Amino acid sequence: MPPSGLRLLPLLLPLLWLLMLTPGRPVAGLSTCKTIDMELVKRKGIEAIRGQILSKLRLASPPSQGDVPPGPLPEAILALYNSTRDRVAGESAETEPEPEADYYAKEVTRVLMVEYGNKIYDKMKSSSHSIYMFFNTSELREAVPEPVLLSRADVRLLRLKLKVEQHVELYQKYSNNSWRYLSNRLLAPSDSPEWLSFDVTGVVRQWLTHREEIEGFRLSAHCSCDSKDNTLQVDINGFSSGRRGDLATIHGMNRPFLLLMATPLERAQHLHSSRHRRALDTNYCFSSTEKNCCVRQLYIDFRKDLGWKWIHEPKGYHANFCLGPCPYIWSLDTQYSKVLALYNQHNPGASAAPCCVPQALEPLPIVYYVGRKPKVEQLSNMIVRSCKCS
C-alpha cells in the first residue's frame, strides 16, 4: 500500500493546475482567472508527473539506479513493449472525444412514432416476424437543429404482457430498403407492462445529417437456425388499430417514441463557428494560435527533467496539459450577475468560471527495471489528448 499522499496524487493532479496561477490582471470576457507564468506551469507539471508515476508503480521512491544492467533490452521485452505501445496508439485513433456541447445542460424532448395506420406503413410487407416504426425527421430537426447538439437518443417501446421468453432484434432502415442490425434484447415472460429502451444516438445523428423525410426501425424476432417458429410474440403498445375514442388516444400517446437529450441552440451559439466544432485535441490545438481552452504541449524527458535513468523506454513523452480561459456564455445584464457578485463576495480567491480540464487521456507504456529484472507496465491516464470546459 503506497503512502496516502501518493494514492491521492492522481486525484489531486487537476488541482495542481489551479495552484499554478500567479497574481495578475484578470483576462477579458468576464473570466475571473488570472495571468499565468508558463515556466511555473511546466515546473509544477513536471513535479506532479514525477509523483504520479511513482504512485502508479506503487513506489515510495525511484529504484536504485546502480541495479540497472547496462546494454540493450532483451528482445522479448522490447517486443512486448512495442506491441503494447502499438495497441495504445490504435485505440487512441479509434476513440472520438465527447462533443463540447456535453458541458451544457440538456433539454429532453419526445418525438412520437408516425401513427400506425399511416400510408407510410403500406410500403412495408405485413409480417408476423416484425413490426416497423417510422419517424418524421422534420420533427427531429425541430427538436435538434444540428447533429452536434445531440447528446443522447433512445427509442422507447412499451411492451405489454408477454407469455413466453423472446429474443428480439432492432434494425435500422436504409434508403435502399435494406436493414442494418443495431441491437438485441432477451425479454422474460411478464404480466406487467415494461418500457424497453435502445440507444440509437449514432443513428439519429445520421438522420439529422442525411435529410431524408422519413426514417425508421424494425423490431424482429430473432431468427434461429434451429427454430421453426420466428413469430414476434411480444405485444408493443401502439400497433393495434381496433381501438376507438379516448382509449385510442391514450393508446396512441404511449406508442413508440424517440427520447432526445440535446443542448438548446441558444445555449450553445458558440458551437456554430467551425473553430468550436473542432475537438480541442492535439490535432487542432498544436496547429493553431487558439487562446481559449486548449491542449498545450509539455514534453517530459525522463533524464533531463526528472533525473531518472531507470526508465529505459520511452526516453520521454508528451504529457501535455490543458490551459486557457473558458468564457462565460451569460452576460452581466442577466439575473445571474447577482449570484456571481454574491459568490465572489464570499469566495474572493475562487473562480466562478468553468475551468479548462482534460477530456480524453491516454495511457503510457514503459519499460523499467526492478533489480535486474525488466518489466513492461502501462501507466493509465498519463497523456492529455483533448480538453474541455467544465
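Using N, Cα and C of the backbone, Cβ positions are placed for all residues, glycine too.
The signal peptide annotation in Swiss-Prot covers 1-29.
The feature region 'Straightjacket domain' is assigned by Swiss-Prot to 30-74, with similarity to another entry given as support.
Swiss-Prot lists 75-271 with the feature region 'Arm domain'.
The N-linked glycosylation site feature in Swiss-Prot is assigned to N82 (among others); the stated evidence is sequence analysis. Sequence-distant contacts (6 or more apart, same chain, Cβ under 8 Å) of N82 (N-linked glycosylation site) do not exist in this structure.
Summarising the annotation, Swiss-Prot assigns N-linked glycosylation site to N136 (among others). In the three-state DSSP classification, N136 (N-linked glycosylation site) falls within a strand.
The 10 Å shell around the Cβ of N176 (N-linked glycosylation site) contains 5 further Cβ atoms across the protein chains shown. Residues or ranges marked as N-linked glycosylation site in Swiss-Prot: N176 (among others).
Sequence annotations record features per position, and here Swiss-Prot assigns region 'Bowtie tail' to 226-252 based on similarity to another entry.
Secondary structure at C294 (disulfide bond), taken from DSSP and collapsed to helix, strand or coil, is strand. Annotated disulfide bond per Swiss-Prot: C285-C294 (among others), in sequence order.
Here Swiss-Prot flags C293-C356 (among others) as disulfide bond, drawing on similarity to another entry.
C322 (disulfide bond) falls within a strand when secondary structure is assigned with DSSP. Among the features that Swiss-Prot reports, disulfide bond is placed at C322-C387 (among others).
Taken from Swiss-Prot, the feature disulfide bond applies to C326-C389 (among others), supported by similarity to another entry. When Cβ atoms from all protein chains are considered, those within 10 Å of C326 (disulfide bond) total 21, not counting its own.
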Open item on the list: Quick check for the class: what is the C-alpha distance, in angstrom and rounded, between C326 (disulfide bond) and C285 (disulfide bond)?
Closed with: 15
Open item on the list: List the recorded positions among N136, N176, C356, C389 whose C-alpha is within 10 Å of the C-alpha of C285 (disulfide bond), in sequence order, or say none.
Closed with: none
TODO: Quick one: give me the count of other CB atoms within 10 A of the CB of C322 (disulfide bond).
DONE: 23
Task: Alpha-carbon distance [C389 (disulfide bond); N176 (N-linked glycosylation site)] in Å - done: 41
- [ ] Note down the number of other Cβ atoms within 10 Å of the Cβ of C389 (disulfide bond), including every protein chain shown.
- [x] 21
TODO: May I ask which of the disulfide-bonded residues C294, C356, C387 is closest to N136 (N-linked glycosylation site) if we compare their C-alpha atoms?
DONE: C387
